[in-house]
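The structure under discussion appears below in the form of structure tokens.
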Amino acid sequence: MRTLIVEFILLGLTNSRCLEIFLFMFLVIAYFLILLGNITVITITLVDHCLQTPMYYFLRNFALLEITFTSTFIPNTLYSLLTERKTISLPGCFLQMLLFFYLGTCTFFHVAAMSFDRYVAICRPLHYTTIMNSRFCLQLVLACWAVSFLLMFPPTIMIVQLPFCGPNVMNHFYCDTSLLLQLSCTDTGFIEELMLIVIIIIIPGTLIITAISYGCIIVTILHIPSSTGRKKAFSTCSAHLMVVMIFYSTSIYRYIRPAQRGGQHSDKVLSFFFSVVTQMLNPYIYSLRNNQVKQALKGSMLKAFSSSLRQS
């Protein structure tokens, strides 16, 4: 008779204690930058009246999404690296898996929504305020959250109901869906096929929207008569495209290629790249290098400084 397991062992990113210390320091800095950058974006877009536009509405929601997404696994990973405690309870693993892939799915849809917003702003500037009104923006954001939930809920519920009899060792730093399926002591063929269909809808589906939007943006930019205007537009667009390409290429290679039994080191590296590195870059590329945001930050800092001087 097989005994059902009550916890999993996450092997983490490395077996070397020296590398674990280095990764702990890197993750602390990365998590701090993620929180600082995204909290700054949320705060400045809320308090500055000049940033009350659809673009910054989407960026504010995207920043909130990034904070919650990275918080599903980074604190637990830091605790594991610091204490060398590798175990996670079965309910904790399921909860982490659910939040990670639900919020990760939301990220793909938010990137597509932001690319559509930029398409309307650059390619249909005269109709921008009409199309991207506050009601439509709210509906678009709510649709991102709702569709993500509808896509991820059925396979997640099916995974939670699976029996796990051992082994309970997972070669990863968070509870990964594909590895959970491999550890189940029952046939998971149907769930694996369902997950593949869902992932194909999520990743290539949103990539098509994003690629079409940026393709139209690039064509429009090429028709700008001023070379200075083209250079400025390409500078912003290229930075966005760089993040999008890294995010999608790593995600496609990690989740759409045939599954590797037992987990591979390359899987952990790719997961670390799109779940930590790109999240760390996003607020600085999408928001904080924007001139309007820079001016708003300077204005807020000057107000805070002058206010402190008056009080002293």
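Yeah, the Cβs are placed from backbone N, Cα and C, and that goes for glycine too.
Residues of the same chain lying 6 or more positions beyond the ends of the transmembrane segment (28-51) and with a Cβ under 8 Å from any Cβ of it are 57, 59-60, 63-64, 66-67, 70, 74-75, 78, 276-277, 279-280, 282-284, 287-288, 292-293, 295-297, 299-300. Positions annotated as transmembrane segment by TrEMBL: 28-51 (among others).
The annotation domain 'G-protein coupled receptors family 1 profile' is assigned in TrEMBL to 37-286.
Long-range Cβ contacts of the transmembrane segment (63-82) within its own chain (Cβ-Cβ under 8 Å, at least 6 residues beyond either end) map to 10, 12-13, 20-21, 23-24, 27-28, 30-31, 34-35, 37-39, 41-42, 88, 96, 99-100, 103-104, 106-107, 110, 173-174, 275-276, 279, 282-283, 287. The transmembrane segment annotation in TrEMBL covers 63-82 (among others).
According to TrEMBL, the feature transmembrane segment maps to 94-116 (among others).
Marked as transmembrane segment by TrEMBL: 136-160 (among others). For the transmembrane segment (136-160), the residues of the chain that approach it from at least six positions outside its boundaries are 54, 57-58, 61, 94, 97-98, 101-102, 105-106, 109-110, 113, 116, 177, 180-181, 191, 194-195, 198, 201-202, judged by C-beta separation under 8 angstroms.
Feature annotation from TrEMBL assigns transmembrane segment to 194-222 (among others).
Annotated transmembrane segment per TrEMBL: 234-256 (among others), in sequence order. Away from its own ends, the transmembrane segment (234-256) comes close to residues 108, 111, 115, 118, 178, 196, 199-200, 203-204, 207, 210, 214, 217-218, 221, 267, 270-271, 273-274, 277-278, 281-282, 285-286, 289-290 of its chain (Cβ-Cβ under 8 Å, at least six residues beyond either end).
Look at TrEMBL and you will find 268-288 (among others) tagged as transmembrane segment.
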